[in-house]
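Okay, structure first, notes after.
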Amino acid sequence: MRFMAGPAGSQNPGPMCFHSSLQALYTVLLIVLVMMSLVFGKFVPVNWERPQPLPVPKYLRCYRCLLETKELGCLLGSDTCLTPAGSSCITLHIKNGSNSDVMVSDCRSKEQMSDCSHTQTSPVSGFWMFSQCCFLGFLQ
């Protein structure tokens, strides 16, 4: 077995070695970027201003599904629809006495908003329907 004398013998190539080589790599990269900036004369200033807030969307995006159950998810027609300001998204729950729940989701225009948030009996005996809307207050 060989033993090394002097400072080389006390170095242990481990995590510190990796850290120092990574730090050296970052230093070289920084020097190269500064030199390129000086040679080519292009300097990209850093924008320290706070970013402007995103504009309020003009449309409300609603989930649309023609037949959905909690157990199986959407079975028919899964996509999204856009509805203009003043309109809403609606989910119609159709339930029976055994707590089975079938849902229909869609967009609702201003004229159809009377359907929102009320319960009614279904034309089919033993079932009832509950509609639930969500809307967003749009800025004009």
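Glycine is no exception: its Cβ is also placed from the backbone N, Cα and C atoms.
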Whichever of Cys81, Cys133 is disulfide-bonded to Cys107 when Swiss-Prot is consulted: Cys81
Candidate in Cys17, Cys89, Cys116 joined to Cys62 through a disulfide, as Swiss-Prot lists it: Cys89
Disulphide bridge to Cys116 as given by Swiss-Prot, partner from Cys133, Cys134: Cys133
For Asn96 (N-linked glycosylation site), nearby residues of its own chain (Cβ under 8 Å, 6 or more apart in sequence): Gly126, Phe127, Trp128
Cα-Cα distance linking Cys65 (disulfide bond) and Cys89 (disulfide bond), given in Å to the nearest integer: 11
Cβ neighbour count (within 10 Å, all chains shown) around Cys133 (disulfide bond): 18
Close in space, distant in sequence - Cys62 (disulfide bond), Cβ under 8 Å, 6 or more apart: Thr80, Cys81, Leu82, Thr83, Ser88, Cys89, Ile90, Ser105, Asp106, Cys107
